[in-house]
């Protein structure tokens, strides 16, 4: 689980290092000066999509919920998953010109939310049910975020 999220956040770290090298600052007001390309777009959002978790990269969350104590599972579902959404919200205001790429992620997250909701119907373990319902909920949140409204 550690290496899964660690390797997913490596492109974000490289993107932040590129921005710092280009601007010599990480003040978000200056991000408008950067000419973003698709590679930088994917590197900035990939870590947040894994942390949220988005459908198809959510594989770490059910295992983390099952292994965590009840209090850790509550913190994971209540706070940690929403931090990925906040990170996406902060980055999206600079990536507005890639809204055509957002349509794919929006459809994938909403479809994934529906499929994971159907998966919730057959869960017997309560922690697995909470984990999969969190993935379904974050799929709806991602659908709203990727619509840029």
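Just so it is clear, glycine is given a Cβ too, placed from its N, Cα and C backbone atoms.
The domain 'NADH:quinone oxidoreductase/Mrp antiporter transmembrane' annotation in TrEMBL covers 2-147. Residue counts for the domain 'NADH:quinone oxidoreductase/Mrp antiporter transmembrane' (2-147) under DSSP, split into helix (H, G, I), strand (E, B) and coil, are 119 helix, 0 strand, 27 coil.
Per TrEMBL, transmembrane segment is recorded for 6-27 (among others).
The transmembrane segment annotation in TrEMBL covers 39-61 (among others).
The transmembrane segment annotation in TrEMBL covers 73-96 (among others). Sequence-remote contacts of a segment are chain residues at least 6 beyond its ends whose Cβ falls under 8 Å from one of its Cβ atoms, and for the transmembrane segment (73-96) they are 28, 31-32, 34, 36, 41, 44-45, 47-53, 61, 64-65, 127, 130-131, 134, 138, 141-142, 145, 148.
Packing against the transmembrane segment (103-124) from elsewhere in the chain are residues 45, 49, 54-56, 58, 132-133, 135-140, 142-143, 146-147: each is 6 or more residues past its ends and has a CB under 8 Å from a CB in it. For 103-124 (among others), the entry in TrEMBL reads transmembrane segment.
What TrEMBL lists as transmembrane segment is 130-148 (among others).
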Same-chain residue ranges lying at least 6 outside the transmembrane segment (6-27) that approach it to Cβ under 8 Å
33-34, 40, 42-44, 46-48, 50-51, 57
